[in-house]
Amino acid sequence: MYTEKVMDHFQNPRNVGEIENASGVGTVGNAKCGDIMRIYLDIDENQIIRDVKFKTFGCGAAVATSSMATELVKGKNIQEAMQVTNKAVMEALDGLPPVKVHCSLLAEEAIHAALWDYAEKNGIKIEGLEKPKSDIHEGEEEEEEEY
Amino acid sequence: MYTEKVMDHFQNPRNVGEIENASGVGTVGNAKCGDIMRIYLDIDENQIIRDVKFKTFGCGAAVATSSMATELVKGKNIQEAMQVTNKAVMEALDGLPPVKVHCSLLAEEAIHAALWDYAEKNGIKIEGLEKPKSDIHEGEEEEEEEY
Amino acid sequence: MKKLIYLDNAATTKTSPEVVSAMLPYFTEHYGNPSSVYGFAAANKEVITKQREIIAGVLGAKSNEIYFTAGGTESDNWALTATAEAYAAKGKHIITSKIEHHAILHTCEYLEKRGYEVTYLDVDENGLVDPKAVEAAIRPDTILISVMFANNEIGTIEPIAEIGRIAHEHGVLFHTDAVQAFAHVPINVDECNIDMLSASGHKLNGPKGIGFLYIRKGVKIRSFIHGGAQERKRRAGTENVPGIVGLGKAVELAAASMQERMDYEIELRDYLIDRIEKEIPYCRLNGDRKKRLPNNVNFSFRFIEGESLLIMLDMKGICASSGSACTSGSLDPSHVLLAIGLPHEIAHGSLRMTLDEETTREDVDYVVDNLKEIVAQLRSMSPLYEDFVKKQA
Amino acid sequence: MKKLIYLDNAATTKTSPEVVSAMLPYFTEHYGNPSSVYGFAAANKEVITKQREIIAGVLGAKSNEIYFTAGGTESDNWALTATAEAYAAKGKHIITSKIEHHAILHTCEYLEKRGYEVTYLDVDENGLVDPKAVEAAIRPDTILISVMFANNEIGTIEPIAEIGRIAHEHGVLFHTDAVQAFAHVPINVDECNIDMLSASGHKLNGPKGIGFLYIRKGVKIRSFIHGGAQERKRRAGTENVPGIVGLGKAVELAAASMQERMDYEIELRDYLIDRIEKEIPYCRLNGDRKKRLPNNVNFSFRFIEGESLLIMLDMKGICASSGSACTSGSLDPSHVLLAIGLPHEIAHGSLRMTLDEETTREDVDYVVDNLKEIVAQLRSMSPLYEDFVKKQA
Ligand SMILES: Cc1ncc(COP(=O)(O)O)c(C=O)c1O
Ligand SMILES: Cc1ncc(COP(=O)(O)O)c(C=O)c1O
């Protein structure tokens, strides 16, 4: 069901953990739907993401997308981090099963939520960043069957 | 599906043939339903069935019941022949599948039809004998399923 | 063992040993439920997909248009009842033929009791549906045309491409019961404009209890059997993995050798037909002589009844079937034989022999030699024959 | 081969080698169609009757009350839809429970769209249906009560005898989905006043794609799949002879060793439950502790999600299942776990392990040892656990 990359990031998730006094923290998803992701960002004065950590409650794809998303934003500046879309995460994982696409959306959203928190704390505005939705799942589900 | 007795009477039918100038001939059933039986009786002056022959168009059970019915009436007097019911034929054959019970009724009716012909030709009346029905099948079918 | 010449391949076929070998590991080794997460079982999902691809390839379809069922009957029931439901808003009229299998006809009767109207098209004396009659029967409220690819009794192959074209032109869905034809003769769902197609494993040297329904992408029918999310939510029930694997293998084998098999069977079929026609009087070949399944021979022999004939053949080790009512326990002979215009008593005396690639010329000779004798013997005890002879004299 | 501990026997079981051996001759040797006249095939009719007798014997039923189907799902669909049709004149109300299998629930939804009314009874925190609630739900227009014998997720065995008695007293038909219970625990249809009962071969070491519906004599439902005259005209389609033989064999074997197997499994089950409860914090046993299938263990582990758990177990060679939504691709976790009152996030973190007679104590120890570690590891990366710990501090 999962690609080798997904399995690798699930079995050996990168950047699991917490960052104390993080520059930004974002938590998205909800327990009702079975996925919660929390991203911690450590951003330096040049708006470079020096470090990133995550914690995830969710399925294999949720863990793998969190792990991959953290890898993709690590060392980037916040503008570059904004470019890390769910598509980018999926591609980096060699794809996800259709029913798991929402996990990649969640990962994107978690990054955005952490950036939003950082922006709020620092009173800055990040180009293209919107206030995170409280429930990422609404209306995002893909129907596999389209007859 | 058939008992050994039925198979024996089908494979080695007794009394197949015709009787020229028979005392009585009866033909029952119709081609539409797939069974026609014709019985020839040779009855002597003491009303004893001296000889009997049959011809049958029909399934294995039709042939076997014809054969058995001729065996059962052979050498009997006409009153005794009247006692050869479809039940007697079935019992003598160790039973028939439910869907084939109508064949035994046909055999009984064929004997009766031949007796009727004999009675008419000789202007006598046989106790309990009614004019044969033209189509034995109507309403005689057994429904195997009774839910 | 007693001599056995099996000429009833339209009733069911031997599951070929390669098919059984392919199935075996899925009983005791790879027995996992394909819906499970763990690798041990999830691999079975891919195995199923692979069979879907094999079947789709043979039909010129896409693999996600193949839905596994428990057999041809379920496929037919599904196609008809679910289309009827899904398109009820458009109309409640269905067109079919008088010579369909009971899986179609009895489902139509079921639908008639529920407010649907069904037109049963006549066939000609060879069992052919007239495409013009199909066109003439189409109404604004017609939602489905269902005509079988080839008839199971008399072997006639219907003009499916023309019927499909007509259905397509009128925007009416087209289903074909290809249980007797699939993997026996070439079928391409696009060329024939087929929207749905039923097939059954055990008619093509695959296992019993498995079949499929092809449903063209875009056709809106829903599930017939409700429950779990199997078969893209359209057919619930734990997948019959060994059955599906067996079906896929059987289709693969049949497709690979189709042309060769057809050539072989047609030659043998025509030899059998010729000998019977030459050597047994008062007989009639049923079904079209050319537009005919490669392995089907169906004759009526006047003055005799089919079940007796079958039992006598059985005693000689020959397995065949009949359109006689007596074999089914009902009084009317086969609706197919009546539909091609046979009188009842002639329909009763019919014999179907369906060959396969293992049938030999020696088998055929043995069958004809015995058949001649048996027919003569049964005629000698037939009151109908007696009457006929007396009339001739 | 990699270590494999299969603890998902509720999803499907291994077809036992004896069953496969029993089936084999019916693929390539005795492959005839049971409806045929000739002896070669007609013998298969008797073989089928024999399997019917075996099954009927185990249930305390008569052999002509057993109708073969393609599995539990078809049996459930048949029981519900055909009863609904046959008794529509009496009423259109059906009673069932909230924890039925989707084969029941989705069929109920289908019927609801067609004008039937369905009462879905609540269950208590252990998944038990209250017979009094059943009685209270009965109305003059109630035509059917359908309550499962035992639940497939949490293993709870329902008070079927009491529900049957109530149904009987009120003259309402009673169907039970015994797919998980039949041949695992004793069932007598007369003692429980069961009018219809569904079962499936692959849940009892028989083959996939075969099952049966028991229908008490006198119950007026007609066929669900229309066509040929098989199964006394109630279930059309060429009989799956190998499947039926396999089912019969599996039932025979299961019945012969039932008590022994139950004793063994119950001891192992309770050992597994005890170790988990003692050694893994923040867990909850789902389902009734005593009224429980001998082989079912179902736990919720707080703060973690089921699919991750399954994949981690899979990596250790352990096959199990979960009530997590993620395993089914939907968002809501198992309706059964929600019905027994679990909050969503706890329902998501559930694990079902279903043993069989081949499971050993060593297997159980290995599973618990690994499970402990995996749960700890997943909690260490769970934001819910992080919040919980911080709150405690
Ligand atoms: C034309 C046709 N349709 C449908 C069926 C039904 O197939 P099955 O018996 O496999 O369900 C058959 C065979 O019995 C058939 O010949
Ligand atoms: C309680 C219950 N009912 C019905 C079914 C359906 O059985 P099958 O998948 O064999 O059709 C299952 C198993 O999937 C089950 O556990």
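Cβ coordinates come from backbone N, Cα and C, glycine included.
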Matching residue for the pyridoxal 5'-phosphate site, where TrEMBL names D:Gly72, D:Thr73, D:Gln180, D:Ser200, D:Gly201, D:His202, D:Thr238 - out of D:Asn44, D:Asn152, D:Asn286:
D:Asn152
Would you mind checking how many other C-beta atoms are within 10 angstroms of the C-beta on D:Gly201 (pyridoxal 5'-phosphate binding site)?
35
D:Ser200 (pyridoxal 5'-phosphate binding site): tally of other CB atoms within 10 A of its CB
30
Quick one: of the binding-site residues D:Thr73, D:Asn152, D:Gln180, D:Gly201, D:His202, D:Thr238, which have a CB under 8 A from chain C's CB atoms?
D:Thr73, D:His202, D:Thr238
Average pLDDT across the domain 'Aminotransferase class V' (D:5-367), rounded to a whole number
96
Give me the largest Cα to Cα distance among D:Gly72, D:Thr73, D:Asn152, D:Gln180, D:Ser200, D:Gly201, D:His202, D:Thr238, the residues the record lists as binding pyridoxal 5'-phosphate, in Å as a whole number.
30
Kindly point out which of the binding-site residues D:Gly72, D:Gln180, D:Thr238 have a C-beta less than 6 Å from some atom of ligand 1.
D:Thr238
Among the binding-site residues D:Thr73, D:Gln180, D:Thr238, whose Cβ has the fewest other Cβ atoms within 10 Å?
D:Thr238
Rounding to whole Å, the Cα atoms of D:Lys203 (N6-(pyridoxal phosphate)lysine) and D:Gln180 (pyridoxal 5'-phosphate binding site) are apart by 7
Which of the binding-site residues D:Gly72, D:Thr73, D:Asn152, D:Thr238 have a Cβ less than 6 Å from any atom of ligand 2?
D:Gly72, D:Thr73, D:Asn152
Secondary structure at D:Asn152 (pyridoxal 5'-phosphate binding site) (DSSP, helix/strand/coil)?
coil
